[in-house]
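As recorded in Swiss-Prot, the features of this protein are as follows:
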- 42-62: transmembrane segment (TRANSMEM)
- 64-84: transmembrane segment (TRANSMEM)
- 117-137: transmembrane segment (TRANSMEM)
- 144-164: transmembrane segment (TRANSMEM)
- 192-212: transmembrane segment (TRANSMEM)
- 214-234: transmembrane segment (TRANSMEM)
- 240-260: transmembrane segment (TRANSMEM)
Amino acid sequence: MQRNGLIGDTIRSLGFLSRLPLPQGWFDNTDDSLPRNARAFPLAGGILGLLAGVALLIANAISLPPLAAALIAIGALAAMTGALHEDGLGDTADGFFGASTPDRRLDIMKDSRIGTFAALTLVIWTGVKASLLMAIIARAGAGYALLALIGTEAASRAGMLAFWHALPSARPGGLADSMGQPQWETVVCGCGLGLALLAIGFLPSGGMVALINALVLMTVVLFGFARLCMAKIGGQTGDTLGAAQQIGSLAALIGLVMAL
């Protein structure tokens, strides 16, 4: 089997983006460059969304209320990823709004302690995402909420990939900078995969309106976030990549709920 093909890239992307147990053989003697494997980030995100959706379906099947089912799905995503992207969102909120200079913002973002801005952002973000999933369950059904999670988690990682490519590193010599950036061909492939999975996730319940809503909202908010990153720290870091994924996922869900 081609370990450097799309399947191998997907497994290695899961290895980076999640804590799922994966066969070690897929990581041996391969071109494991993260910027190259990143074309499969949307596929890895779709798998994570599927697993979180299954948790939501189980919660719904045993008659738990929609809020509980939504929170279980969100918790499952955080558990599978080690809250990788949520950590980035929180650190970004602390850094961007807790300091007045780029260097100080970057220092705060490296600090593992959680601050007021991070706590507030994560609480509000979790509440909004849970309410959106509840709305999908109520208006379309739990099965469509599962599909929405697949599409959202895939498309948001495609958006993260484009964001990573578009912005320079804000911290030369840092971890994100040392990994390099994905090439244009990688971004095009990843965005194509993300769009396909977003269509699979959103068209059955919300039709073309939901798909267009999601694409427009994701584009607008990620462009705005990119401008904010340039103004605050002069580029991107690993934390802002995680924040971009979280922001993109929320924008996509809002687009779907608007169409239901």
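Cβ coordinates are placed from backbone N, Cα and C, and glycine is handled just like the others.
Outside the transmembrane segment (42-62), and at least 6 residues removed from its termini, the chain residues within Cβ reach (under 8 Å) are 6, 10, 13-14, 17-18, 68-70, 72-74, 76-77, 80-81, 133, 137, 142-143, 145-158, 161, 190-191, 193-194, 197, 201. Beyond its flanks by at least six residues, the transmembrane segment (192-212) meets 39-40, 42-43, 45-46, 49, 136, 140, 144, 147-152, 154-159, 161, 252, 255-256, 258-260 of its own chain at Cβ-Cβ distances under 8 Å. Sequence-distant contacts of the transmembrane segment (214-234) (same chain, six or more residues past either end, CB-CB distance under 8 Å): 95-96, 102, 105-106, 109, 151, 155-156, 159, 162-163, 166-168, 170-171, 195, 198, 202, 240, 243-244, 247-248, 251-252, 254-256.
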